[in-house]
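Have a look at the structure below before the remarks.
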Amino acid sequence: MGREKKQEYALFTAWGASFIATLGSLYFSEIMKFEPCVLCWYQRIFMYPFVLWLGIAVVKKDYRIASYSLPIASIGACISLYHYVIQKVAAFSAAGAACGRVPCTGEYINWFGFVTIPFLALIGFITIAVCSFIVIKNK
């Protein structure tokens with residue numbers, strides 16, 4: 001497979017991850033009526049613009065977006081990881097109890113004993129970061 005095709009597929013995959021993450025986030029808050037905590041809002045702030053930015057980049061085949069999306073996705077992943085640690089590690093849970101009206105330690109979902117909303121966001125951010133790295137590597 002040629003370099004440009006790899007870039008194209010990686011960029012589309014990154015956009016797809018951001019689109020699915022945004023739809024999932026909106027589903028949980030608007031349909032299921034789960035109120036987001038403060039850290040969830042920060043994760044949304046980092047995730048939602050990717051749908052537009054990466055969507056435009058896919059249409060225009062503008063692979064330069066990867067140099068911006070990689071650091072932004074990495075910051076979002078750090079926020080998600082911190083949120084996940086607050087939920088799952090007892091020693092850190094005291095930090096999340098007073099982060100706003102809704103405690104950051106709350107787990108609206110807990111699939112298979114480890115999949116929570118911050119974990120899903122973390123997977124989305126990691127997917128975007130890895131795809132951005134692939135785009136940069138194949139320039």
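Cβ atoms here come from the backbone N, Cα and C positions, even for glycine.
If you draw a 10 Å sphere around the CB of C40 (disulfide bond), it holds 26 other CB atoms from the protein chains shown. Under the DSSP three-state reduction, C40 (disulfide bond) is assigned to helix. Positions annotated as disulfide bond by Swiss-Prot, on the basis of similarity to another entry: C37-C40 (among others).
Swiss-Prot lists C99-C104 (among others) with the feature disulfide bond.
What Swiss-Prot records for 8-27 (among others) is transmembrane segment. Same-chain residues lying 6+ beyond the ends of the transmembrane segment (8-27) with a Cβ under 8 Å from its Cβ atoms: 36, 40, 44, 47-48, 50-51, 54-55, 57-58, 61, 63, 65-66, 69, 117, 120-121, 124, 127-128, 131-132, 134-135, 138.
Annotation comment: Swiss-Prot describes 42-61 (among others) as transmembrane segment, evidence class sequence analysis.
Summarising the annotation, Swiss-Prot assigns transmembrane segment to 68-85 (among others).
Same-chain residues lying 6+ beyond the ends of the transmembrane segment (113-135) with a Cβ under 8 Å from its Cβ atoms: 6-7, 10-11, 13-14, 17-18, 20-21, 24-25, 28, 34, 39-40, 43, 46-47, 50, 54, 63, 65-67, 69-70, 73-74, 76-77, 80-81, 83-84, 87-88, 107. As annotated by Swiss-Prot, transmembrane segment applies to 113-135 (among others), with the evidence given as sequence analysis.
Residues 14, 39-40, 42-43, 46-47, 50, 53-54, 92, 96, 104, 116, 118-119, 121-122, 125-126, 128-129, 132-133, 136 of the same chain lie 6+ residues outside the transmembrane segment (68-85) yet bring a C-beta within less than 8 angstroms of a C-beta in it.
Neighbour density for C104 (disulfide bond): within 10 A of its CB lie 21 other CB atoms from the protein chains shown.
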